[in-house]
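Participant: Grabbed the feature section from TrEMBL, which reads as follows:
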DOMAIN    107-345  domain 'Aminoacyl-transfer RNA synthetases class-II family profile'
BINDING   Glu261  Mg(2+) binding site
Amino acid sequence: MQSKISQYTTEIEAFEPKTAEDLERFRIRFLGTKGIIKDLFDEFKSVSAEEKRVLGKVLNQFKQSAEAKFNAFKDDFTEQTNATNKEDLTLPGEGFQIGARHPLSLVRKQIVEIFKRLGFVLAEGPEIEDDWHNFSALNFPEEHPARDMQDTFFVQKPTGTESDEDTKQEAFALRTHTSSVQVRLMEARKPPFRALMPGRVYRNEAISARAHCFFHQVEGLYVDEKVSFADLKQTLYYFVQEMYGEGTKVRFRPSYFPFTEPSAEMDISCTICKGAGCPMCKQSGWVEILGCGMIDPNVLENVGIDSKKYTGFAFGMGIERITNLKYQIKDLRLFSENDVRFLKQFETEVI
Ligand code: PHE
């Protein structure tokens, strides 16, 4: 055993690796889990106690010299490899992924641009609303189903902070529509108004391909002297031509909203089959895109505007719906999953 060790020691002393591979071969041969040193230690177990005293020391020294040799060159080679990588500027870059603008942001931008051309300015309001701005000022009767726990997410006040003042205030909720921003705007300023109010809204719905617990709306408001239903029709007709292309037909169907009178829903000729009938429009040739109407005089009076002098119209549309009709997206959940493979498909469509 001793002679084997001295033979290996000469080999180790003479060893001079030229490449990282040489060094790796050395490591496997001597220091590897099935290498020479492991074998020697196994052999060492079966020698006599007397021999052990001498051999133990020799064997340990041998192991240390093999490790020292390996360590001496290890750093050289790792440094060398790094240095080569750093210096070779001709190597192709790694390339990194950049994100994409969200289709809902792109479409919101398009909607805003169109209405800006008609003189509409942007306005915003809070997502956590009180009953007055979301419902009462908008003429919702006390027992209206939209106030029901089914549709509205109520927000609990933090416990422990309740003062007498707080307990007197009514419940807070996540706004169920952007019509609440109309109220805030009309309370804060004097007519005339021509404003567009995009924002996120919340409804307590089970999440599926066709419904989500939050979505996005754009609210429009126009209040002045002598604003008529004809103004409303022409404004929305212009919007549709700009958004979906000239020749897209519109139709208004009578409807009901507590805050508009008369109220209507507007349909456009199906963007997919152009009115011929397809699954998207359920073979009818028409798809609904928004709700609208003349602002109910009660609402104007609620916010301190003289309803004898001023009239106005309002409309509200879902950005998801406008986007679906433009790009034929069949599952609403895609909008909130943030999968870049989905998001990247829309970028080229920026105006
Ligand atoms: N707020 C209504 C909704 O969410 C839409 C609407 C807005 C209708 C303005 C008429 C006027 O369904």
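Including glycine, each Cβ sits where the backbone N, Cα and C put it.
What TrEMBL says about a protein is an automatic prediction, not a curated fact.
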Participant: Determine the mean pLDDT over the domain 'Aminoacyl-transfer RNA synthetases class-II family profile' (107-345), rounding to the nearest whole number.
Facilitator: 92
Participant: Specify the count of other C-beta atoms within 10 Å of the C-beta of Glu261 (Mg(2+) binding site).
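Facilitator: There are 15 of them.
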Participant: Taking DSSP as the reference, which of helix, strand or coil describes the residue listed as 'Mg(2+) binding site'?
Facilitator: strand
